[in-house]
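S.K.: Shown below is the structure under consideration.
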Amino acid sequence: MASSSLPTLVPPGPHCLRPFTPESLAAIEQRAMEEEARLQRNKQMEIEEPERKPRSDLEAGKNLPLIYGDPPPEVIGVPLEDLDPYYSDKKTFIVLNKGKAIFRFSATPALYMLSPFSIVRRVAIKVLIHALFSMFIMITILTNCVFMTMSNPPSWSKDVEYTFTGIYTFESLIKMLARGFCIDDFTFLRDPWNWLDFSVITMAYVTEFVDLGNISALRTFRVLRALKTITVIPGLKTIVGALIQSVKKLSDVMILTVFCLSVFALVGLQLFMGNLRQKCVRWPPPMNDTNTTWYGNDTWYGNDTWYGNDTWYGNDTWNSQESWVSNSTFDWEAYINDEGNFYFLEGSNDALLCGNSSDAGHCPEGYECMKAGRNPNYGYTSYDTFSWAFLALFRLMTQDYWENLFQLTLRAAGKTYMIFFVVIIFLGSFYLINLILAVVAMAYAEQNEATLAEDQEKEEEFQQMLEKFKKHQEELEKAKAAQALEGGEEADGDPTHSKDCNGSLDTSGEKGPPRPSCSAESAISDAMEELEEAHQKCPPWWYKCAHKVLIWNCCAPWVKFKHIILLIVMDPFVDLGITICIVLNTLFMAMEHYPMTEHFDNVLSVGNLVFTGIFTAEMVLKLIAMDPYEYFQQGWNIFDSFIVTLSLVELGLANVQGLSVLRSFRLLRVFKLAKSWPTLNMLIKIIGNSVGALGNLTLVLAIIVFIFAVVGMQLFGKSYKECVCKIASDCSLPRWHMHDFFHSFLIVFRILCGEWIETMWDCMEVAGQAMCLTVFLMVMVIGNLVVLNLFLALLLSSFSADSLAASDEDGEMNNLQIAIGRIKWGIAFAKTFLLGLLHGKILSLKDIMLSLGEPGGAGENGESPPEDEKKEPPPEDGNKELKDNHILNHVGLTDGPRSSIEMDHLNFINNPYLTIHVPIASEESDLEMPTEEETDTFSEPEDIKKPLQPLYDGNSSVCSTADYKPPEEDPEEQAEENPEGELPEECFTEACVKRCPCLYVDISQGRGKMWWTLRRACFKIVEHNWFETFIVFMILLSSGALAFEDIYIEQRRVIRTILEYADKVFTYIFILEMLLKWVAYGFKVYFTNAWCWLDFLIVDVSIISLVANWLGYSELGPIKSLRTLRALRPLRALSRFEGMRVVVNALLGAIPSIMNVLLVCLIFWLIFSIMGVNLFAGKFYYCINTTTSERFDISVVNNKSECESLMYTGQVRWMNVKVNYDNVGLGYLSLLQVATFKGWMDIMYAAVDSREKEEQPDYEVNLYMYLYFVIFIIFGSFFTLNLFIGVIIDNFNQQKKKFGGKDIFMTEEQKKYYNAMKKLGSKKPQKPIPRPQNKIQGMVYDFVTKQVFDISIMILICLNMVTMMVETDDQSQLKVDILYNINMVFIIVFTGECVLKMFALRHYYFTIGWNIFDFVVVILSIVGLALSDLIQKYFVSPTLFRVIRLARIGRVLRLIRGAKGIRTLLFALMMSLPALFNIGLLLFLVMFIYSIFGMSNFAYVKKESGIDDMFNFETFGNSIICLFEITTSAGWDGLLNPILNSGPPDCDPTLENPGTNIKGDCGNPSIGICFFCSYIIISFLIVVNMYIAIILENFNVATEESSEPLCEDDFEMFYETWEKFDPDATQFIDYSRLSDFVDTLQEPLKIAKPNKIKLITLDLPMVPGDKIHCLDILFALTKEVLGDSGEMDALKQTMEEKFMAANPSKVSYEPITTTLKRKQEEVCAIKIQRAYRRHLLQRSVKQASYMYRHSQEGNGDGAPEKEGLLANTMNKMYGSEKEDNGVQSQGEKEKDSTEDAGPTTEVTAPSSSDTALTPPPPSPPPPSSPPQGQTVRPGVKESLV
């Protein structure tokens, strides 16, 4: 594009900006006519037009490119001719404003009357493009926004409103006058952003003059004005573009999500309909005058069988007895619906739910389980209708407060239904939600690439132009010089632009006044000058001034002094010292806590003074040493000085109230660590990089939040005020409401955090369901799912390799390493010296120096390298060469001496100038290569970590003996020594044998030989597969045994005894296994394998507890806690299961980087934690009335002392919130709760209510403390938690690179072929079900196998689902009957389908899985009809099976071309399944271990908050349920709360637990906190994020696959069509049927008729009998789609081999000819025929004429016989024309039967079908076709014709 547009450029420079005149317009019209004529000509001659595009750098809105120079003032704001060649024949003109921005207008009259030359339009244009105009509009919008945030605006705001409307109207009028309304391009309504303005203004006028009822709803439309900011700020448009793109891309995911949710909701509806209304109702009713026998009859209500029957309480016949009961004035309905009769738990708003199955919740004494009252949460949580079920499942999928739904459902329906939730969380939540992330990330990446490509293009264009201009300039110079020589005068060039020796422009000369120059030269030099200046940040005078003021070189002694100080300040040791000070300072700040002694407080404040002094001194010294000019050139120094200044200011203002926040700024010093901690540095960089891009996104997010907050306030604010009594018992506004803007903003922010359901219930209760659902779900989908995922996408994209390169700006980066290197060197020096002394020889200093090498990278005299050397950046390109060299060296490809960089690598610590790159996802090597990723593939330090090899080796695990390979031996050696690989290794390492020679055993004789035989026997046993299987079985059994040790074990004596014995048996077996392995493998191998170490430690635990039992110490505390470590037993299973081991190895590879990020996150959080301690320590205490659990008002109790004075009553307590900020540790816990959004509400409420230390809190007195949490959530939660995902994904990619992705060495082209072929090879033609011989059966068969039949059945299935969706819990009898009848119809239809298929397909019906499934469903449906009551009572409702039928939709999707996107998503899921299964297994293992641990530690804690009778750690099942809940971090705060009770009055340590001898119900806070935090980090952050990583990865792969021209389905469709043409699955097809076959195929393989010629050109090989093989056809068609390529043949060969191997039954496949040869043969034959015919004709004509002449001469003598002869001959020649076709077809048949490869010579005429190819007989013979055996070039068609 660039090159094409260059020649058409007018030589740039300001002079080419020509005013737009009527002549210009006429010229445009002239050009347009010429262009039209040219196009017409081209069209007639069928010449293709290259597509023309507008130039990207001259788009409207962009700035005028530099090449055009500075436009002179007279062209500013004036219509100019368009510069873009694209518009040369279109009626447009441009206008430039002062900022050189381009505005493009249409040159047609605006509003039909204002031509481009009219005064009015010119004025309007001037106003429109003026910077002040847009500024004014922007300010108006912002002011308007401020007015919109007022919850109750003053009376005069109406007038202001009119003003705003006036301004917007004026703006639109200006635009219309300048641009025109909507007819041509560049008019007002052609810009979608103007639609927004137009609609807003129209709405304003409509609402003003027409009364439309609900004004506030319409007024909310004004909020959209805030969107106008997007039009004014340039960067925002692109982000919004990306957003809109991603929303478009999301359509498929949305459809899939809605579909899956509908299916799940349907299942939920069928399973749990009406369950959530089951409550505990007081029973029997407390009445005196009722007939006692009526309710006291035991058999009637107390009987389990009765109350286990669901149908009883809904039974109409029973209710019909009301009339009888009402005699005794008992109103059943009222009783059942009176909330006073329900059982409520303390502090809950909803009655306790219960269920009638054995594993559901039970009611307390005196209550019965009945269906009564409304559903929980104002009646909004239920499965009673499809829509509520859908909402419940959407909530489950977005994981908002789902633990509540989970607990309610399990309580009402039973714990078995946990499976339902597992499926939905894993499929719905993890998969679908992350697909949304994957799609958004991809859309963003694509958008990004496009932008980059555009920039690249511009850059290239610009470079080309500069080249041209330079040449031009040189030519001018030459011309001038020549002139000067000729004329003898001076060539007086332009003085300001003399070039200095470096070839750069010297801009120091004074500029004259700008003269309007017409030479291109000045434009170029101006442009160049601008470029130069653009590279300098400040104007030149600033540099002069800075040199004078900021560089202090006054006198020689001072300079010397400066140099000394520089040496001191820059010394690595000083750096080390400063770093230590930073760490100590951070520690001091982290030691603050509450309550703190005065002495400790003093120590801390003195410490702070000292550190402030040290840092100030460092800054002052650096300023002296480096001069302010140099000092402030470095970012770190600016940062330092900022913090030091703040610290000093804070000291000065220490006693001013309210400025304690300044103390928090000291915390930023922590970030100075980044200087010497590469990972931290890099993470800060990543965040910095993202913040740039995120700046715009954050603005968009802010605009969205603002709009929704205002909308919420306008729509619902009033309702909250008026209907507040519905949601608050004391009729005061709750904390979360929308009455004012700030609270409305908080609600929207909370929705962005993913918590929308609770606030939505409130909203629905006060303001109606429809509006609230709409607004909340819009915020949820737009804000949370799209914008926040875009956030994540940005972060992930910042993880690109560029940001991972650690910064090399300053040499100081390594100062720490240098210092540490020196210290190591010093220690080594001392060691060597002392050893020398001990050995009695005193080494000279020189010797020691020689033996140790240089001290840690210092120069000769131990000083650090001089400053200038240090700062010099490494040469960029040179580096690259060195890098390549380095790689070659590693692989051994370069000979000659080692490259210097290699030596550097070896002399690693000693090189001070080396920047060490520590990528975030570092490889596992301890030493990083000095080069970046290029060397990763050849990572050298592998051998350094040999001993631990098995851990990282995917297959070898000694302890999983199945694949034991003795390590550390060369494969060749090994092969020589023991051919079977079945000999044990050495027992001990060489070092051991050297130290203790007694360990050496001679195995060739005597005892040694016996020992060797024993070892070999053990080795054989251990290596045997059965042994391995047995051990795995034992591990599983012993792990399973642990699950029985719950709180009931004491009561189950038999089980307990069995377990005790089993435990001993297991221990003995494992000890035996360990001893066997010691003997078999030897200590050396056993103890160098990490998996064996794991086994060893776990067996040790068992041994210790066994010994303790023998000695009778089993009740000792330490022994008991050791016993809990038995929970680790299942870990031994890890090494035995391949799938899990793969995942664990991947995880272990990621651990270093995960730890790195975890550390950095901790540092990040430390800042917020210390800040929290500063803000809230000791302020969360409150005074509470223990009887009512209510907090006293501050009017009653104001502070701690007042509270303590009331304590004598015993009902008052001064207590703290359990999770608080009293010290940094608790601060961390609080932050974790806030970051996972669990339990964060209580912490936030406490913070917002807090006043001062030891003062009673007051409601929302400290409202803006919410902002602390908002900021933390953005930086601490969004950023840092998402970094985990980034790291894990990055790591996955690194590991893939390391373990050799095979695709790395393939070109894109090759990959395409490779993939197509991969798919191709896996398929082969199936034998179709034969068509029945019977006529009727045959007809039915045809009907049943049609696609239409399938699709119509599918539609019926969907309709059946719809009728199931219509069901509700409280439907009328009529509806029940109608649905029953409809259901009957469906059952009959599906039964009919079943019968028809069985009739047509006969016994083959049962060979297809889907058919069997259908059959079972039909049978179940019929049985279900007959026995519905019975089945519903004891089994799952049979309607459920119908839901599974929906899976058949997947089959129909193939037939719909448009559903490709959805199929891609499903394909991604299928690809991820194996990996996800492995991760699921690992997750289960972790859950298992933790639940065993939880049972042994928390079984007896007090039941409160999240722990109750169903959700607890008492039994294994309950523990698993609790842990599954926490896997998504849901509800962990509730489970942790009771465990934080450490003593009275929170819990009772002496409480008796019946049935056991364990006392107390207190928890252990430290164990509890470790337990939950570690579980959350492992499961939530690591395992769940691995899920995300895999899905992202596979989604990308699947998208690539689906975007390939040929996908799996195309091949499947090919074979499906093939089956119809080859019913016997011979894999061959007749050549005659080929044309029909390729015509019936689906796109893209299809070749539509007429396709004869096309098929001939495909050159397909044929076997005897004129048959063609399926693979050949498929290859040819694939080639046709993908285009030809050199790799094709090789691939084809491998594919054929594969196919032969897969199908040994294949017929001997020896092609004898090809379609092309066959055609050539036919053509040859026809030509020979024709030639021969002509020859005959000519002969007979000759003969005839001869005869004629002869007869003339002979006077007719003998004519008759000759006539006969002649007639005969003529007939022979021409008679055949009549039976042309007959002969031809016969000839063809004969030819078909011949198997001769040579050309046929029988004489037949051409067939009609070939006439197209053969010229009519009279024409001269065509050039002969090539002889046999010679190939024809690709253009066969031409040669044939």
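A Cβ is built for glycine as well, from the same backbone N, Cα and C atoms used for every other residue.
Just so it is clear, the model here is predicted, and its values are computed rather than measured.
Got these off Swiss-Prot a minute ago, pasting:
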- 32-60: compositional bias 'Basic and acidic residues' (COMPBIAS)
- 867-887: compositional bias 'Basic and acidic residues' (COMPBIAS)
- 1776-1794: compositional bias 'Basic and acidic residues' (COMPBIAS)
- 1814-1826: compositional bias 'Pro residues' (COMPBIAS)
- 1721-1750: domain 'IQ' (DOMAIN)
- Asn214: N-linked glycosylation site (CARBOHYD)
- Asn288: N-linked glycosylation site (CARBOHYD)
- Asn291: N-linked glycosylation site (CARBOHYD)
- Asn297: N-linked glycosylation site (CARBOHYD)
- Asn303: N-linked glycosylation site (CARBOHYD)
- Asn315: N-linked glycosylation site (CARBOHYD)
- Asn327: N-linked glycosylation site (CARBOHYD)
- Asn356: N-linked glycosylation site (CARBOHYD)
- Asn1185: N-linked glycosylation site (CARBOHYD)
- Asn1199: N-linked glycosylation site (CARBOHYD)
- 113-448: repeat 'I' (REPEAT)
- 1007-1320: repeat 'III' (REPEAT)
- 1329-1627: repeat 'IV' (REPEAT)
- 151-157: topological domain 'Extracellular' (TOPO_DOM)
- 211-216: topological domain 'Extracellular' (TOPO_DOM)
- 273-385: topological domain 'Extracellular' (TOPO_DOM)
- 411-417: topological domain 'Extracellular' (TOPO_DOM)
- 592-602: topological domain 'Extracellular' (TOPO_DOM)
- 712-740: topological domain 'Extracellular' (TOPO_DOM)
- 762-772: topological domain 'Extracellular' (TOPO_DOM)
- 1174-1224: topological domain 'Extracellular' (TOPO_DOM)
- 1247-1263: topological domain 'Extracellular' (TOPO_DOM)
- 1367-1377: topological domain 'Extracellular' (TOPO_DOM)
- 1427-1439: topological domain 'Extracellular' (TOPO_DOM)
- 1539-1568: topological domain 'Extracellular' (TOPO_DOM)
- 132-150: transmembrane segment (TRANSMEM)
- 193-210: transmembrane segment (TRANSMEM)
- 573-591: transmembrane segment (TRANSMEM)
- 637-656: transmembrane segment (TRANSMEM)
- 693-711: transmembrane segment (TRANSMEM)
- 1027-1044: transmembrane segment (TRANSMEM)
- 1118-1136: transmembrane segment (TRANSMEM)
- 1154-1173: transmembrane segment (TRANSMEM)
- 1378-1396: transmembrane segment (TRANSMEM)
- 1409-1426: transmembrane segment (TRANSMEM)
- 1440-1456: transmembrane segment (TRANSMEM)
- 1569-1591: transmembrane segment (TRANSMEM)
S.K.: Please give the sequence-distant neighbours of the transmembrane segment (637-656): residues at least 6 beyond its ends with Cβ less than 8 Å from one of its Cβ atoms.
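M.R.: Beyond its ends, the transmembrane segment (637-656) has Cβ neighbours at 609, 612, 615-616, 618-619, 622, 626, 631, 662-663, 665-666, 668-669, 671-672.
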S.K.: Would you pick out, from the glycosylation sites Asn356, Asn1185, Asn1199, the residue whose Cβ has the largest number of other Cβ atoms within 10 Å?
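M.R.: Sorting the candidates by Cβ neighbours within 10 Å, the top entry is Asn356.
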S.K.: Quick test of the contact rule: Cβ under 8 Å, at least six residues beyond the ends. What residues does that give for the topological domain 'Extracellular' (592-602)?
M.R.: 1170, 1173-1174, 1177-1178, 1222-1224, 1253
S.K.: Using C-alpha atoms only, work out the spacing between Asn1185 (N-linked glycosylation site) and Asn1199 (N-linked glycosylation site) and round it to an integer in Å.
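M.R.: Taking the Cα atoms only, Asn1185 (N-linked glycosylation site) lies 14 Å from Asn1199 (N-linked glycosylation site).
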S.K.: Mean pLDDT for the topological domain 'Extracellular' (1539-1568), as a whole number?
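M.R.: Residues in the topological domain 'Extracellular' (1539-1568) carry a mean pLDDT of 89 in this prediction.
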S.K.: Can you tell me how the residues of the topological domain 'Extracellular' (411-417) break down into helix, strand and coil by DSSP?
M.R.: 6 helix, 0 strand, 1 coil
S.K.: What's the CA to CA span in angstrom from Asn1199 (N-linked glycosylation site) over to Asn356 (N-linked glycosylation site)?
M.R.: 50
S.K.: Which stretch from 693-711, 1118-1136, 1409-1426 shares the most C-beta pairs under 8 Å with the transmembrane segment (1027-1044)?
M.R.: 1118-1136
S.K.: By Cβ distance under 8 Å, which residues at least 6 away from the ends of the topological domain 'Extracellular' (1539-1568) in the same chain are close to it?
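M.R.: Same-chain contacts beyond the ends: 1047-1048, 1050-1051, 1186, 1213, 1218-1219, 1497-1498, 1500-1502.
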S.K.: Which residues of the same chain, at least 6 past either end of the topological domain 'Extracellular' (712-740), have a Cβ under 8 Å from a Cβ in it?
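M.R.: Residues packing against the topological domain 'Extracellular' (712-740) from afar: 148-149, 151, 216-217, 219-220, 223, 378, 746-748, 750, 758-759, 762-763, 765-768, 771-772, 775, 1245, 1248, 1260.
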S.K.: Are there residues at least 6 beyond the ends of the topological domain 'Extracellular' (762-772) whose Cβ is under 8 Å from a Cβ of it, and what are they?
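M.R.: Distant Cβ neighbours of the topological domain 'Extracellular' (762-772) are 378, 380, 715-716, 719-720, 722-724, 726-727, 734, 736-738.
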S.K.: Tell me whether Asn1199 (N-linked glycosylation site) sits in a helix, a strand or coil according to DSSP.
M.R.: strand
S.K.: Excluding the flanking five residues on each side, which residues at least 6 beyond the ends of the topological domain 'Extracellular' (1247-1263) place their CB within less than 8 Å of a CB in that stretch?
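M.R.: 594, 735, 742, 1175-1183, 1191-1192, 1194, 1197-1203, 1269.
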S.K.: Determine how many residues of the topological domain 'Extracellular' (1539-1568) DSSP places in helix, in strand and in coil.
M.R.: 5 helix, 2 strand, 23 coil
